């Protein structure tokens with residue numbers, strides 16, 4: 001690729017930084033009509049020197065790929081200055097005049113360097129052996145100069161002398177041309193010795209190398225900064241994930257403690273319900289025994305009533321009526337006193353001494369009233385049993401709801417742990 005191609009590639013990369021090397025390679029192949037797309041290494045080398053490519057002055061010939069290094073910059077600069085001065089003076093400078101002027105300048109430079117070397121040797125002796133070696137090296141560079149047609153074309157392209165003709169008839173024998181050829185070199189160029197020109201050239205090369213190294217260092221620093229930023233970001237994300245994991249573990253521990261407390265409370269409440277239910281059934285069994293006793297007492301009382309006088313029957317009825325009127329008041333006394341009566345299930349009788357000891361009124365020993373009191377007591381027991389069953393069913397349903405809530409919370413915790421583990425695995429793979 002030419003220098004113009006490289007510059008356009010750099011400009012394209014800056015205009016669209018998101019383009020990949022593959023896209024830039026295809027774009028360069030189509031745009032520059034290349035036979036083969038440039039490789040990735042070529043593009044990377046071009047982009048590393050983007051500042052130098054943009055700062056470099058393009059040659060007149062845009063097809064020029066590289067700039068050949070000038071062997072003698074002093075001669076090249078002096079000759080170019082001479083051509084520009086002569087053209088400004090109206091002299092038609094041809095290729096032959098340029099070649100002849102270059103030969104004369106080269107001869108003058110050789111003579112000056114020979115004199116400088118002789119004076120250096122005579123003045124400093126053998127102490128300047130290194131300087132002599134340097135001068136001999138420069139002389140060898142001068143000796144290699146050949147002003148061929150290729151050198152002439154390169155010189156004109158380098159300095160933009162594209163309108164100079166190769167031959168112009170008798171222009172080489174023109175008086176103005178001869179005077180310009182054999183006249184003194186331009187003051188600006190002749191006054192400058194070889195050392196300042198070489199120093200300037202070396203400074204330019206050193207500056208270019210320094211700029212390249214600085215560009216590489218800047219790119220390396222940018223890459224290191226990006227790596228440090230990515231590492232810091234990954235570390236921050238890892239710390240955040242660790243904090244989330246700690247919070248999740250603490251939350252799970254709290255949930256387990258709450259679950260254990262709820263289970264303990266439920267177990268205690270269930271034990272209380274079982275105790276109350278067992279006591280209810282015990283009282284129900286005692287009520288059945290008392291009912292059997294009352295039936296037996298009613299049979300005995302009926303037999304005695306049939307044998308007694310009518311007045312006795314009337315008194316018994318009155319007593320039963322008064323008992324019916326006060327049944328609501330004496331119901332609790334009957335229920336509490338019945339718990340103290342010793343019932344013989346086999347004989348079906350109740351001891352009078354036990355009844356009086358428990359505070360049972362004599363008229364309550366009547367069979368009809370005792371049977372009614374027993375029915376009321378059974379109804380009360382049924383209501384208590386029904387209430388206990390309803391409370392037990394409601395509590396059981398509440399336990400089922402709480403169990404479902406605990407299962408849902410456990411499922412949420414499992415999902416959270418899976419997400420945290422996946423996030424940690426991803427961050428660990430990114431850090432590696």
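Quick reminder: no glycine exception, Cβ is built from N, Cα and C everywhere.
TrEMBL entries are annotated by machine, without manual review.
Looking at the stretches 61-87, 88-114, 115-141, 223-249, the one that TrEMBL records under the feature region 'Disordered' is 115-141. Looking up the ranges 251-272, 273-294, 339-360 in TrEMBL, the one annotated as region 'Disordered' turns out to be 251-272. Record note: among 11-39, 301-329, 301-329 is the stretch given as region 'Disordered' by TrEMBL. Listed ranges 166-196, 383-413; the one TrEMBL annotates as region 'Disordered' is 166-196.
Summed and averaged per residue, pLDDT over the domain 'HTH CENPB-type' (63-165) gives 74.
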